[in-house]
Amino acid sequence: MQKRLIVNHQLLEIMVMRLCHQLIENHGDFSDSVIIGLQPRGRQVAQRIQSTLQAILGTTVPTGYLDTTFHRDDFRRRETPVAANATHIDFLIEDKKVILVDDVLYTGRSVRAAMDAMISFGRPANVELLVLIDRLYSRHLPVEPTYVGRRVNSLQSQRVLVEWQGPETQQDNIWLVTKNEE
Amino acid sequence: MQELSVRHLLGIKDITANDIQLIFETADNFKDVLNRPIKKVPSLRDITIANVFFENSTRTRLSFELAEKRLSADVINFSSSGSSVKKGETLLDTVNNILAMKVDMIVMRHSSPGAPHFLSRHIDANIVNAGDGTHEHPTQALLDSFSIREKLGDVAGKKVVIIGDILHSRVALSNIFALQKLGAEVMVCGPVTLLPKYIKELGVKVELDVRKALEWCDVANVLRIQLERQQMKYFPSLREYTLYYGIDKKMLDSLDKEIVLMHPGPINRGVELSSDAADSHHSIILNQVENGVAIRMAVLYLLASKQ
């Protein structure tokens, strides 16, 4: 397995800061806006965006986590079933501006499932999509992000891995992982 | 992620403790779905489920049907009264005819113990046992344990007494298996005529005095006296049963600890449970019913992924 660093922790910090300023440009004081991170890996991105916005603006933007397992279109078509995660949205999204947040945009299928799942919590005024990494030329559905950290060209056999600093990793990093052919 | 170790849910005896935990974790997620403004997910939208009931049922059937609809499955209902079963059609023929209409899963209740096991050897569809005679009622046991877990945090290490007609009860047998697999201590309590002769072989305690049983336990699961299953007299009269085995609020209050009271329904008010006991804060009877839908959604969802 080969790993190539595509975004290091300094660049990632600048990227998150830029995305937050782009959000502020469109959402002002966030009085009608909410952030929804897609489980499992959009959750940490959403937390980071929320805390960065709080540092800049001094206000806490309501943030929730949405699990899309039961709305996926590949149920009974996969080898192994997907484990469900918790959904935690303790606000109504009726007439709100929703910012969906995920780490990597690939085929667009999970975003479709997320939009489907999100409607269970009300009718939003509008919905935007924020991703750290957009994998170009790989879409199965007409889904495009509103805010992008970085666009990358990648092969189908490759995988983009976003690592956050934690007990197991020292720094925030984004990697492009290539599996060795067997 | 983990999968169930079985293709059918025929009884708790055939599944592992891991399976039960997986069902509980999935049910947690579905319970969350059931508390949303829109209580529906599209997971099973390309699946057709037949509810085949050869025996009367209200609660279980409604609960299964609701679970199926919440998962967006297509549902057909069959009950043996008013059907060709009365004309002499065999079980296998009836079910094969239903399956010929492209049905993916069968939820079956039958009065003969082992009927779903027999069926599972002959057909491809996933089968969920919704009660087979006096044998097993797996989803009821799962929702009972799930309710204990919800109320007390865990099932392991808890003392659970099952009180009443153990002899005729499929709920009792499934509960004994489920509770033991999850690490609880199980006791059965009832008149000696309503206890199976070899029940001790299952590793349960036996107690004839209901008061002593209540003093021992953390949870009391009180069963219904099944008048319809009793061809002979197992006790002299209902009044006498109530006198010796009925539970009322006064008795619960006189215990030196709080116990949790459960009942699989329908309650014979004033027989095994008095009204004030059934409606007291000890009782989690309506939570059981609520959890039943989430548990059945989890079972159907997990089995459907094992087509």
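We number each residue from 1, going along the chain as drawn.
Keep in mind that glycine also has a Cβ here, set from the backbone N, Cα and C atoms.
Not measured: the values here are computed from a predicted model.
Among the features that TrEMBL reports, domain 'Aspartate/ornithine carbamoyltransferase carbamoyl-P binding' is placed at B:7-150.
B:Arg109 (carbamoyl phosphate binding site) falls within a strand when secondary structure is assigned with DSSP. Residues or ranges marked as carbamoyl phosphate binding site by TrEMBL: B:Arg59, B:Thr60, B:Arg109, B:His137, B:Gln140, B:Gly265, B:Pro266.
Sequence annotations record features per position, and here TrEMBL assigns L-aspartate binding site to B:Lys87, B:Arg170, B:Arg224. Other Cβ atoms within 10 Å of the Cβ of B:Arg224 (L-aspartate binding site), summed over all protein chains shown, number 19.
Sequence annotations record features per position, and here TrEMBL assigns domain 'Aspartate/ornithine carbamoyltransferase Asp/Orn-binding' to B:157-303.
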When the binding-site residues B:Thr60, B:Gln140 are compared by other Cβ atoms within 10 Å, fewest goes to B:Thr60
Among B:Lys87, B:Arg170, B:Arg224, i.e. the binding-site residues, the one with its Cα nearest that of B:Arg109 (carbamoyl phosphate binding site) is B:Arg170
By a simple count, how many Cβ atoms lie within 10 Å of the Cβ of B:Gly265 (carbamoyl phosphate binding site), its own Cβ left out? 17
Site extent for L-aspartate, whole Å (max Cα pair distance, B:Lys87, B:Arg170, B:Arg224): 33
For a quick check of packing: other C-beta atoms within 10 Å of the C-beta of B:Lys87 (L-aspartate binding site), how many? 6
May I ask which of the binding-site residues B:Arg59, B:His137, B:Pro266 is closest to B:Arg170 (L-aspartate binding site) if we compare their C-alpha atoms? B:His137
Just report the maximum Cα pair distance in Å for the recorded carbamoyl phosphate binders B:Arg59, B:Thr60, B:Arg109, B:His137, B:Gln140, B:Gly265, B:Pro266, no decimals. 17
What does DSSP give as the helix, strand and coil breakdown of the domain 'Aspartate/ornithine carbamoyltransferase Asp/Orn-binding' (B:157-303)? 65 helix, 24 strand, 58 coil
